[in-house]
Amino acid sequence: MEQSRRWMMLIASTWIQAFTGTNFDFSSYSSELKSVLGISQVQLNYLSMASDLGKAFGWCSGVSLMYFPLWVVLFIAAFMGLVGYGLQWLLIQKIIILPYFLVFLLCVLAGCSICWFNTVCYVLCIKHFLANRPFALSLSISFNGASAALYNLIANAINSEDDTLYLLLNGLVPLVTSVAALPILLLPHSQTLHADSVHREHLNFRCLTILAVFTGLYLLILNSVSYSAETASILLAGALFLLVLPVIAPVVICAEEWSQLFHPNYMSLDDNDDLGLHDEMICKEASSINVWMENFHGSKEKESWTSSFLLRDRLLLLGEEHSANLLMRRLDFWLYYLAYFCGGTIVLVYSNNLGQISESLGYRSEISFLVALYSATSFFGRLLSTAPDFLRDKMYYARTGWLAFALIPTPLAFFLLVLSGSKAALGAATALVGLSSGFVFSAAVSITSELFGPNSAGVNHNVLITNIPLGSLLYGLLAALVYEANLGKSNQLLELDGSKVCMGRNCYIQTFMWWGCISLLGVASSFLLFLRTKAAYDSQERNRNWMRFI
């Protein structure tokens, strides 16, 4: 029964991720929030930044897990979201009146809840899948990208004309999901791993990934026809069925375990418990020796300033635990931080401004579709982050190299929007940044675990994403100032629902130019990180191959 419980934990984490990505739909109701509060674009940007500012307190979730069980942390996150989003919905419905500062704090609280949900999922995957941690993390995190499409279906099934409904759903759906996942989280935890289980895990992950791809295609292709309540209800039922379908995997595994009870000689290898963890520790020790030898021979060569930069204080092995204090002193961490800040974070700001960008270009009616498109492509981007593991035996590259490659579409998308403001260009750019950011967000958790230690990942990854509120403030403020400057031009001003709307390509074209140049800096930083960590990754891979043949 132990193996089936592990897979149930993974399925629970995919459910949590699928229904708690509430930051994706801000652009769906941001215009209504701006109108009700009577605020400027700059003030609306501060509210968007406030939601991201909540992520700066995500490290608290990692600390809380030292004192509370997972299910308690899960429900703390659910109630933070219920209060944060629920009161905003009451405000938009004009049931209550709140000052701007209090709305700002509610956005912070709502954003904080997302980090707490994510931390629960990260810990579930890291603890229960020692040998195939990247597979589990990528599969779980990928479903977070499906949130906007799922919420779009739910909203259309209830009332497709009410965009404020997203706020109510943001508060209630994660709470309902937490209740549904509670029985699974209360199951006893086990890390036992039989030798034959490692191979079977790969097969199970392949099957679940194929099912996840089908789920993503289902949401992407059929979401565009979900405008009627009846159609949306049918499509929503199909989506829920696909989310529940992976339960088949633990049922099959449970049946195999019962078979082993009645046939004790059937593949019984109890002496190899925790094989994956044991092999991983051996690989780490051998990896450390190899990297030290490479550095020793490299020091005899004539050094240039580039080689000095690439070798100075670089990581010697993967998986070494880093405290927050040690993390701050690592050059590799700051290169990683800069790559995330100029890559993944800038895309989050783009998604938060997607509603205003669509309005300015004259595509207000396409906002829901564009949000769903971004969500779906982000979903596929997260699934693509499993490619390094699926292709590992045929084509191996350091995961940091994949990260650098994944950041390239982001500047391409922004420069495309500089060149064209057409509907096709907007859709293509949104899809590109969705794929890019999805890969980055998913791969980043595995990279944090590999570079700075799996046991510290809950805290260290939340330290990494403190760049999100900073980037949200700077990038969002840049966009808002350019937007407000163009409001002064009478030929680009439109009154809509009592608020001023900037119309035309000039409202954002300078912003896209700046964002494109900044994202190029992220690509450069990620490439330097790849060069500095390549030796450690290659050394671990050589030792992994060596262990397979002894």
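Using N, Cα and C of the backbone, Cβ positions are placed for all residues, glycine too.
Predicted, not measured: the structure shown is a model, and the values here were computed from it.
Residues or ranges marked as domain 'Nodulin-like' by TrEMBL: 6-251. Per TrEMBL, the feature domain 'NFD4 C-terminal' maps to 320-535. According to TrEMBL, the feature transmembrane segment maps to 65-91, 97-123, 166-187, 208-228, 234-255, 333-351, 363-384, 396-419, 425-452, 464-483, 512-531.
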Query raised in the report: What same-chain residues lie close to the transmembrane segment (396-419): Cβ under 8 Å, and 6 or more beyond its ends?
Result: 134, 339, 343, 346-347, 381, 384-385, 387-388, 425-426, 428-430, 432-433, 435-437, 439-440, 443-444, 446-447, 450-451, 508-509, 512-513, 515-517, 519-520, 522-523, 526-527, 529-530, 533-534, 537-538, 541
Query raised in the report: In the same chain, which residue numbers or ranges, 6 or more beyond the ends of the transmembrane segment (333-351), come under 8 angstroms Cβ to Cβ?
Result: 23-24, 26-27, 48, 52, 322, 327, 357, 371, 374, 403-404, 407, 410, 433-434, 436-437, 440-441, 444, 447-448, 451-452, 464-465, 467-468, 470-472, 475-476, 479, 515, 518-519, 521-523, 525-526, 528-529, 532
Query raised in the report: Do we see three or more Cβ pairs under 8 Å linking the transmembrane segment (65-91) and the transmembrane segment (464-483), pairs being at least 6 apart in sequence?
Result: no
Query raised in the report: Residues sitting near the transmembrane segment (512-531): Cβ under 8 Å, six or more positions beyond its termini, same chain?
Result: 309-310, 332, 335-336, 338-343, 346, 349-350, 398, 400-401, 403-404, 407-408, 410-411, 414-415, 417-418, 475, 478
**Report entry** Local confidence of the domain 'NFD4 C-terminal' (320-535) - pLDDT mean
**Finding:** 85
Report summary line: Tertiary contacts of the transmembrane segment (97-123), defined by C-beta under 8 angstroms and 6+ residue spacing from its ends, are 13, 16-17, 20-23, 33, 37, 39, 43, 46-48, 50-55, 57-58, 60-62, 65, 70, 73-74, 76-78, 80-81, 83-85, 87-88, 91, 137, 140-141, 144, 170, 174, 445, 457-458, 461-462, 465
Query raised in the report: Which residues of the same chain, at least 6 past either end of the transmembrane segment (363-384), have a Cβ under 8 Å from a Cβ in it?
Result: 21, 24-25, 27-28, 138-139, 141-149, 152, 209, 212-213, 216, 219-220, 223-224, 351, 354-355, 406, 423, 426-427, 430-442
